[in-house]
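This report concerns only the one structure given below.
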Ligand SMILES: O=C(O)[C@H](O)COP(=O)(O)O
Ligand SMILES: [Mn+2]
Ligand SMILES: [Mn+2]
């Protein structure tokens, strides 16, 4: 089916009317877990979210948001924003980057592709640089994939390899960076014993170096550029293990925010700047936090910061990060081909769409929602509004973030009537409320409680507007985070470290997420079906399409709702 419009015509729903304003609210990082002191959602005042479950239990349920339900390799993989919003928007489950890379490495196909052949041309004479997030979080990258790629590249002729590591502490427990660097060092030593000149060349914490997203703060990417490309950083060390250990000694230091460092030789010269003729691979499979560096590496015209020196390199991404922008042009593994998303169907069926979040989540409700696609399907039918996020702070400092500003925009869109022109049957107002997730990632339990209340306040504002226009609301989340801030032992009790302190969980969780539907526009008799007990995020798209008065495309995951009576 092309995007001409005809193939996108949806059949009328036999029972549900058109013409409703629907608010689709995604609470980022809001799962369901047992109440205890590390469940910040439970410990926050969240009367609106609580009321859904209490007052209309047949219109509230839990859905799966992790593992195979969102296209990840195993049930041990926590959900994340990329796969969660992809599933919510696309209505189908696609094998995601993590899995596609696993398959390509296992079959060896990664080495037969155009991308690898391209970088391989540098192996005989130049250096192969690998840049990315070093952890086993499985959200943006995975250590075992990097290990295989290193080995595979060496076996295929890479003689000189430099790894530029970004420490995590966000998708994994803070402090684990040391062990990940040690593991990588062992692999590199093994390669050296086989005659390959392999070393870590630079590093830094992911949130301070390189992995900004949605162009919130280019200085983050610049810090990485200086260390990785120019070989310049405020901290110089002889070894990466020493670097990470030393930098972590600073008061309040943590893996996410380690300052940039370079590894230097006995003469104090950095061991791995990127120079003309080198090959570079960014090994993250997830796009949002790598696409800015990809632009800096690939674009001839670039004005976001002074690159000082722009080496002529052979660059490939682990995946292509943006299909519309064709960025990067070369890649090792083809990304999932997500097409015919619900957003595209809706604009072709007369549904106007308004989408909004603040910068740090803006691409989630646009780019990820639309199947990793930038821009509008139809600019006359859609309006996307980005509220600038705070820059240069950790979000526990401002846990309310821009939740209320996002809700105000949604409210105004709902009340404005702007999306209800005479010939327009219906409209969708879609937002992401970031607080539970972004503050949850800081590991600050108190601030996360404040964050959850702010998210609940935002939901209330949107629900109130929906009440006023006789609309419908759908409130859900993309994965868990704020509902569990402690690492758990096998019995489910908070795990403690060697000093007896509870290990704080900064990452997402494997928990299911709630979904609630309601509002005065919801037709009588609509309730959740009981025959999709394993329903997940991918079932939401068909549900929303039904609520707009259409049948969902036949290959979408089944709707979660039924209409009883009449
Ligand atoms: O990039 C991040 O912030 C985390 O690794 C994952 O969080 P998200 O999937 O909610 O964006
Ligand atoms: Mn998320
Ligand atoms: Mn998150």
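Here, residue 1 is simply the first one shown, and the rest follow in order.
Using the three backbone atoms N, Cα and C, a Cβ is placed for every residue, glycine included.
TrEMBL: automatically predicted annotations, no manual curation.
What TrEMBL says about this protein:
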- 81: active site, phosphoserine intermediate (ACT_SITE)
- 28, 81, 478, 479: Mn(2+) 2 binding site (BINDING)
- 140, 170, 171, 206, 213, 286, 287, 288, 289, 361: substrate binding site (BINDING)
- 437, 441, 508: Mn(2+) 1 binding site (BINDING)
- 20-551: domain 'Metalloenzyme' (DOMAIN)
- 102-322: domain 'BPG-independent PGAM N-terminal' (DOMAIN)
Could you check the binding-site residues 140, 213, 289, 479, 508 and say which one's CB has the fewest neighbouring CB atoms inside 10 Å?
213
CB-centroid shell, 8 A cutoff, Mn(2+) 1 site 437, 441, 508, site residues removed:
28, 29, 170, 436, 438, 440, 479, 481, 482, 506, 507
Determine, using Cα-Cα distances only, which of these recorded positions is closest to residue 289 (substrate binding site): 28, 81, 437, 441, 478.
81
Entries of 81, 437, 441, 478, 479, 508 which, being recorded positions, have CA atoms within 10 angstroms of residue 171 (substrate binding site):
441, 508
Nearest-integer angstrom distance between the alpha carbons (Cα) of residue 479 (Mn(2+) 2 binding site) and residue 287 (substrate binding site):
18
Residue 508 (Mn(2+) 1 binding site): which of the binding-site residues 28, 140, 213 is the nearest Cα neighbour?
28
Can you work out the mean pLDDT of the predicted model over the domain 'BPG-independent PGAM N-terminal' (102-322)?
98
Looking at the binding-site residues listed here (213, 287, 441, 478), whose Cα lies nearest to that of residue 81 (active site, phosphoserine intermediate)?
478
Listed recorded positions adjacent to ligand 1, that is, members of 81, 171, 213 whose C-beta is under 6 A away:
81, 171
Rounded to the nearest angstrom, how far is the Cα of residue 213 (substrate binding site) from the Cα of residue 478 (Mn(2+) 2 binding site)?
18
Additional residues surrounding Mn(2+) 2, by Cβ distance to the 28, 81, 478, 479 centre under 8 Å:
26, 29, 65, 79, 80, 84, 85, 364, 432, 437, 477, 481, 508
Do you know offhand how many angstrom separate residue 441 (Mn(2+) 1 binding site) and residue 28 (Mn(2+) 2 binding site) by C-alpha?
11
By CA-CA distance, flag whichever of 140, 213, 287, 437 among the binding-site residues is nearest to residue 28 (Mn(2+) 2 binding site).
437
Around residue 81 (active site, phosphoserine intermediate), how many other C-beta atoms are within 10 angstroms of its C-beta?
26
Considering each pair of residues in 140, 170, 171, 206, 213, 286, 287, 288, 289, 361, all listed as binding substrate, report the largest CA to CA distance in Å, no decimals.
17
Please check the binding-site residues 140, 213, 287, 289, 437, 479 against ligand 3 and give me the ones with CB under 6 A, sequence order.
437
